[in-house]
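According to TrEMBL, the protein has these features:
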- 1-18: compositional bias 'Basic residues' (COMPBIAS)
- 1-23: region 'Disordered' (REGION)
- 28-153: domain 'CMP/dCMP-type deaminase' (DOMAIN)
- N69, V70, E71, N72, A73, S74, Y75: substrate binding site (BINDING)
- C80, C113, C116: Zn(2+) binding site (BINDING)
- E82: active site, proton donor (ACT_SITE)
Amino acid sequence: MSAARRAGRRRSSPRPRRPLAPPQRLPAQYARLVRAATRALRRAYAPYSQFPVGAAVLAADGSIYAGCNVENASYGLTLCAERVAIHTAVANGRRRLVAIAVVGPAGITLTPCGACRQVMEEFGLQTVIIAGPRGAPAVVSLPALLPIPFTRRSARTRHAGL
Ligand SMILES: [Zn+2]
């Protein structure tokens, strides 16, 4: 599809597709993340939902790790793209993570599920870039998505009976 045709579709849209934050021009590093997540989406294993998702995480050292959703006939075993990307980064020795991009199917604003938000918190991710293959991505802070996370500190407080 041509850029002009895409632009025409955006102009004719009756309401914004991304209610979380206004679309913005991404820094180059985040644009790389979105591209990596888009490539990962094409590798999604989603025979049950037909809902492919890609994600890519940026580590503090600048390295990028991608993931896609991986479904299972036993639905509860399905893994989200975000967790696959984060766990791949950790398996490669990266525990300080900075940002993650999430890409859903065409035109869909896809926010991470609660489980993925908690896993993002564990590894210090602060920035979530939400994108579809079309249109400008939205950049959201993790504290906006998960304002009161479960942390090691809250676990200790709970054990202390406080
Ligand atoms: Zn998830």
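Placement of Cβ uses the backbone N, Cα and C atoms for every residue, glycine included.
TrEMBL feature annotations superimposed on the structure.
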| residue | record | CB count, 10 Å |
| --- | --- | --- |
| N69 | substrate binding site | 24 |
| E71 | substrate binding site | 18 |
| N72 | substrate binding site | 12 |
| A73 | substrate binding site | 8 |
| S74 | substrate binding site | 7 |
| Y75 | substrate binding site | 9 |
| C80 | Zn(2+) binding site | 20 |
| E82 | active site, proton donor | 29 |
| C113 | Zn(2+) binding site | 12 |
| C116 | Zn(2+) binding site | 25 |
Would you mind reading off the Cα separation of C116 (Zn(2+) binding site) from N69 (substrate binding site), to the nearest angstrom?
12
Cα within 10 Å of C113 (Zn(2+) binding site) is the criterion; apply it to the recorded positions N69, E71, A73, Y75, E82 and give the hits in sequence order.
E82
Enter the number of other CB atoms within 10 angstroms of the CB of V70 (substrate binding site).
16
Provide, as an integer number of angstrom, the distance between the C-alpha atoms of E71 (substrate binding site) and C80 (Zn(2+) binding site).
8
Length of the line joining the Cα atoms of N72 (substrate binding site) and C80 (Zn(2+) binding site), in Å:
11
Overall pLDDT for the domain 'CMP/dCMP-type deaminase' (28-153), taken as the rounded mean:
94
Near the Zn(2+) site, what residues other than C80, C113, C116 in the same chain have a C-beta no further than 8 Å from the centroid of the listed C-beta atoms?
A81, E82, R83, P112, G114, A115, R117, V119
Among the binding-site residues N69, Y75, C80, C116, which have a Cβ atom lying under 6 Å from any atom of ligand 1?
C80, C116
Spatial neighbours of C80 (Zn(2+) binding site) among the binding-site residues N69, V70, A73, S74, defined as Cα within 10 A: which are they?
N69, V70
E82 (active site, proton donor) to N69 (substrate binding site) - Cα separation in whole Å:
8
Per-state residue totals over the domain 'CMP/dCMP-type deaminase' (28-153) - DSSP helix, strand, coil:
43 helix, 30 strand, 53 coil
